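Trainee: Questions regarding the structure given below will be posed in turn.
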Amino acid sequence: SKLIKDADEEKASLQKSISITSALLTEKDAELEKLRNEVTALRGENASAKSLRAVVQSLESDKAKLELKVPCRGGGNDGRDRDRDRCSSPQWAGLREDDHVRGVQRGDRNLKRVLREAHIDFLNSVIVDLQRKNQDLKMKVEMMSEAALNGNGDDMNNYDSDDQEKQSKKKPRLFCDICDCFDLHDTEDCPTQAQMSEDPPHSTHHGSRSEERPYCEICEMFGHWATNCNDDETF
């Protein structure tokens, strides 16, 4: 029937949606796993950077102590010149530049880690929503399958949404007591009944149909013959 055909088409559409949603879930799971691995690697790099930062801070502390012991502003012009040359030497400049580069790299790694963790949170919410949608679609397919097995067309129509009101019950089939048939018309609308009401009423004469009733042509009345008519009473 048309109802079963429509239900089969809708069921096929739902199963196609389930396949698409499942593929999206697989893709998002893979992307999520990749990001988690990247975050783990960034956290490892961050731990290494913290360790190197501690080493750099120790070296900077030693350097500061040395600068206090041998200040750049020593006595005499020769001492000041030597100290100025040493403090502005390429080695010291390289150390300062390396410290700056390491600080920038540390900031970049931290920013990348924060962005990836935010992306992971977003993907988690997307996956949860897809899983819920996939579950809803599977429930709808199961309800349609059960309705098809039970031959209950109403269930196949009413499965669509939980928050919608249930559809009204199916109206009773039309039946005519006179014709003794379904789905054509009600007894009140029967054309046979209408024809019967238009027929003239039956005669109230209870005599024999083969017997000729007396009729007076003078009076134009039944009950006696013209030969028995009393003209005086009539006129």
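FYI, residue positions are counted from 1 along the chain as it appears here.
The backbone N, Cα and C atoms fix where each Cβ goes, and this holds for glycine too.
Whatever TrEMBL says is automated annotation, not expert-curated.
Pulled these features from TrEMBL for this protein:
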COILED    25-69  coiled coil
COILED    120-147  coiled coil
COMPBIAS  78-87  compositional bias 'Basic and acidic residues'
DOMAIN    173-190  domain 'CLIP1 zinc knuckle'
DOMAIN    213-229  domain 'CLIP1 zinc knuckle'
REGION    71-91  region 'Disordered'
Trainee: Over the span of the domain 'CLIP1 zinc knuckle' (173-190), count residues by DSSP class, listing helix, strand and coil in order.
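Mentor: Split by secondary structure, the domain 'CLIP1 zinc knuckle' (173-190) comes out as 0 helix, 4 strand, 14 coil.
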Trainee: So what's the mean pLDDT when you look at the domain 'CLIP1 zinc knuckle' (173-190)?
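Mentor: Across the residues of the domain 'CLIP1 zinc knuckle' (173-190) the model's pLDDT averages 76 on the 0 to 100 scale.
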Trainee: DSSP-wise, what's the residue breakdown of the domain 'CLIP1 zinc knuckle' (213-229) into helix, strand and coil?
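Mentor: Helix, strand, coil within the domain 'CLIP1 zinc knuckle' (213-229): 3 helix, 4 strand, 10 coil.
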